[in-house]
Structure formats: structure tokens, C-alpha cells
Amino acid sequence: MSGNEFEPVAIARRGLMLVLSSPSGAGKTTISRALLADDDGLTMSISATTRRPRPAEAHGRDYYFVDPEEFGLMINRRELLEHAKVFDHYYGTPREPVEQALSDGRDVLFDIDWQGTQQLKQQAREDLVSIFILPPSTLELERRLTQRAQDPADVVARRMSKAADEISHWAEYDYVLVNEDVGRCLAQVKAILTAERLKRERQPGLLDFVKALREGY
Ligand SMILES: Nc1ncnc2c1ncn2[C@@H]1O[C@H](COP(=O)(O)OP(=O)(O)OP(=O)(O)O)[C@@H](O)[C@H]1O
Ligand SMILES: Nc1nc2c(ncn2[C@@H]2O[C@H](COP(=O)(O)O)[C@@H](O)[C@H]2O)c(=O)[nH]1
């Protein structure tokens, strides 16, 4: 039985890939964590990286921390869906968990840079929803990077010097948000996700559902 008050109508859907990019420190990690906390249908893609863990980071939760040799092997074995050099280190998205989640009809969230987004776009444009997050000002971006207190001063300076480069890719994204107030920005990301999930082409089960409805008349 379906469609009554006890059991919601279940329409088969296709998982999407939600990408968040921004200059370092604009708030991708903050928004991602809040989004994942109350959305069971969303899985975080955990990247592999050759950079060293920050004090509060854990292997397997925030990143898979690997050495450059292992990263090279992952590329050669075609285990990465995309990869790029960002701020002097290598970062990449393990392929298998993403493909598994999508085939289970789950959506996948990515915190990756513009290079990775371009690579995903080439491979799966129709499954990709991309959001670029801007800081409210350069001064506030620097304040956030500094008060996060997870990187030494030279790393913060290097990231600030690359912020303009990263921002120059804003127009390649489907949506562009300003993260001034976290709550507002989070609500905007949730609104985008809700609308994108409801797109007709992401609900292949609609065909059978509508057919059954019409046959009922
Ligand atoms: N809207 C906001 N207002 C004030 N502080 C914020 C806001 N959003 C995020 N922050 C803070 O700014 C700092 C950087 O945020 P976060 O780590 O989420 O950035 P990020 O884009 O993921 O950075 P990176 O690319 O380096 O991983 C954190 O300390 C976070 O708490
Ligand atoms: N192309 C990819 N970029 C990635 C990936 N994982 C993270 N990133 C981006 O790197 C920078 C720096 O991240 P940080 O954790 O060192 O602050 C940031 O812009 C991330 O979005 C990835 O797998 N591929």
C-alpha cells in the first residue's frame, strides 16, 4: 500500500553531486557539517590529501592523509574521480564511495576547489550541482582564517594570496552565495538542494508513477 497517510509515496530518484567551492576560510566546512547534521540523504565525500593533518583533524573523518607516493598510486590505479594540486599539496576524490552512494540513490556532498569541479563537470554534468561561496569581504576572510587557529601564519598568508585566483572562477558555478550569516547561507544551500532534488530528470520513477495514476482514471 502506498500514498496513504501511513506510508509516503516512494518515487525512485537519481542521486546528485553537490559541490561547494570557495576561497579557503569562506565557510565550506562549517556549512557542510551543518548540512550533514540534519540530512540523512546526504553523504560527505572524504578526500585524500598529501597535506599534513591540522590539530583537530582525524584520518578517515576529515581526510584520508596519504603520502605523495600513495597519492600517485591512487592516480595510477584510477581510484580518484578528480584530483588537483591546491596550495602546494595534492587533493583528490576517491571514486568508489561516490559511485556507491549515487547508485544507492544517495546524494554526495563535495568540498573541492574549482579544478576538481571542472573535472566533475566534464564527467557528469547532469548529476552536478555547484555552489560557489563568497566571503562578505577580504578582511573578514582573513579574520576567519586567522581565528580558526588551525594553520600557521605563513599558511594563512599563502591562502589569502590565492583567494583572488579562486574567486575568479565564481561564474563557472550554478549558484553563488555570500556567507555573511551562517544560518542564512545554510538555509540558502538547503533551498538549492531541495529544489535540485525535485527536478523532473532526477526522479526517473515519475514515469511509472504518472503512468499508474493515468491508468487509474
Ligand atoms: N558566516 C560566518 N561568520 C563568522 N565566522 C564564520 C562563518 N562561516 C564560517 N566561519 C568561521 O570561519 C572559519 C573558516 O571556516 P571553514 O573552516 O568552514 O572554511 P572553509 O571554506 O572550509 O576553509 P578551507 O577551504 O580552508 O577548508 C571557521 O573558524 C568558521 O567557524
Ligand atoms: N580538487 C580538489 N580540491 C579539494 C579536495 N579536497 C579539498 N579540496 C580543496 O582544497 C582546498 C584546501 O583545503 P584544506 O582542507 O587544506 O583547507 C579547499 O579549497 C578545498 O575545497 C579534493 O578532493 N579535490
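Every residue gets a Cβ built from N, Cα and C, even glycine.
Pulled from TrEMBL:
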DOMAIN    15-194  domain 'Guanylate kinase-like'
BINDING   Ser22, Pro23, Ser24, Gly25, Ala26, Gly27, Lys28, Thr29  ATP binding site
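Everything TrEMBL records as a feature, shown here on the structure.
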| residue | record | Cβ neighbours (10 Å) |
| --- | --- | --- |
| Ser22 | ATP binding site | 27 |
| Pro23 | ATP binding site | 24 |
| Ser24 | ATP binding site | 21 |
| Gly25 | ATP binding site | 24 |
| Ala26 | ATP binding site | 27 |
| Gly27 | ATP binding site | 21 |
| Lys28 | ATP binding site | 22 |
| Thr29 | ATP binding site | 14 |
Which binding-site residues among Pro23, Ser24, Ala26, Thr29 have CB under 6 Å of ligand 1? Ser24, Ala26, Thr29
Of Pro23, Gly25, Gly27, which binding-site residues come close to ligand 2, meaning Cβ under 6 Å from one of its atoms? none
For ATP, what surrounds Ser22, Pro23, Ser24, Gly25, Ala26, Gly27, Lys28, Thr29 with a Cβ no more than 8 Å from their Cβ centroid? Ile133, Pro135, Leu141, Arg144, Asn179
